[in-house]
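Enquirer: Pasting a structure here, questions to come.
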């Protein structure tokens, strides 16, 4: 049985108080802190990079779950490894030619390799990365178009999650985009166990209650499936 992991998206936090926001989320029951790294090229937005991860690492021992929405993920492995990133999830769309080298390098820097895919990318594109002798350890199914917070959840993406869960029962399957109390049922029932939630957690009057509800949904679905 894969463990539920709730990962508040720090993109929705107050960036001026990142260390205290990270601590607040952990106090509220978060398992991971989800860090969105965008290069302004693969996606239109520009967010944070290795220097911010390095600064945050000085204030927390938390698992920093880094999602690289970048055109050249290979360039980020060394700096993020040094900065103290825990997980390094790259996009399959930009790594068709070098994912083997990428996975090897990520692991050599002590990080957990993951692969993500945009809503328009077929799930079959990640199978080779899961079936290699040196596989990725997580798949992040985007449930919105990557690049912006606050978008609406795409329920049709749950077919990808169901396919993955059936084929790889012990895989960490992460979902990101529009997750909250009104959409968690669908994601949990499909088999997602790592839940990224931004505005639904940070915008809540009681974030701990939302995190607890997300976790309970995953646990309850695992009991019935």
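First residue shown is number 1, and so on along the chain.
Glycine is treated like the rest: Cβ placed from N, Cα and C.
Annotation comment: TrEMBL describes 9, 67, 147, 148, 149, 150, 178, 198, 199 as substrate binding site. Per TrEMBL, the feature divalent metal cation binding site maps to 34, 36, 67, 176. Residues annotated as active site, proton acceptor in TrEMBL: 36. The active site, proton donor feature in TrEMBL is assigned to 176.
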Enquirer: Whole-number Å only: compute the distance from the Cα of residue 34 (divalent metal cation binding site) to the Cα of residue 9 (substrate binding site).
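Expert: Each residue's Cα considered, residue 34 (divalent metal cation binding site) and residue 9 (substrate binding site) end up 5 Å apart.
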Enquirer: Going by C-alpha positions, which of the binding-site residues (36, 67, 176) is nearest residue 147 (substrate binding site)?
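Expert: The answer is 36.
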Enquirer: Residue 67 (divalent metal cation binding site) to residue 9 (substrate binding site): how many Å between their Cα atoms?
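Expert: Here the two Cα atoms are 10 Å apart.
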Enquirer: How big is the gap, in Å, between the Cα of residue 36 (divalent metal cation binding site) and that of residue 199 (substrate binding site), rounded to a whole number?
Expert: 14
Enquirer: To test your reading of the divalent metal cation site: which residues beyond 34, 36, 67, 176, same chain only, put their Cβ within 8 Å of the Cβ centroid of those residues?
Expert: 7, 9, 11, 35, 65, 66, 89, 140, 196
Enquirer: Show which residues of the chain containing residue 176 (divalent metal cation binding site), separated from it by at least 6 in sequence, have their CB under 8 Å from its CB.
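Expert: The list for residue 176 (divalent metal cation binding site) reads 9, 34, 67, 116, 140, 141, 142, 143, 144, 196, given in order along the sequence.
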Enquirer: Once near-sequence residues are set aside, which residues in the chain of residue 178 (substrate binding site), 6 or more away, have Cβ atoms under 8 Å from its Cβ?
Expert: 143, 144, 151, 152, 153, 154
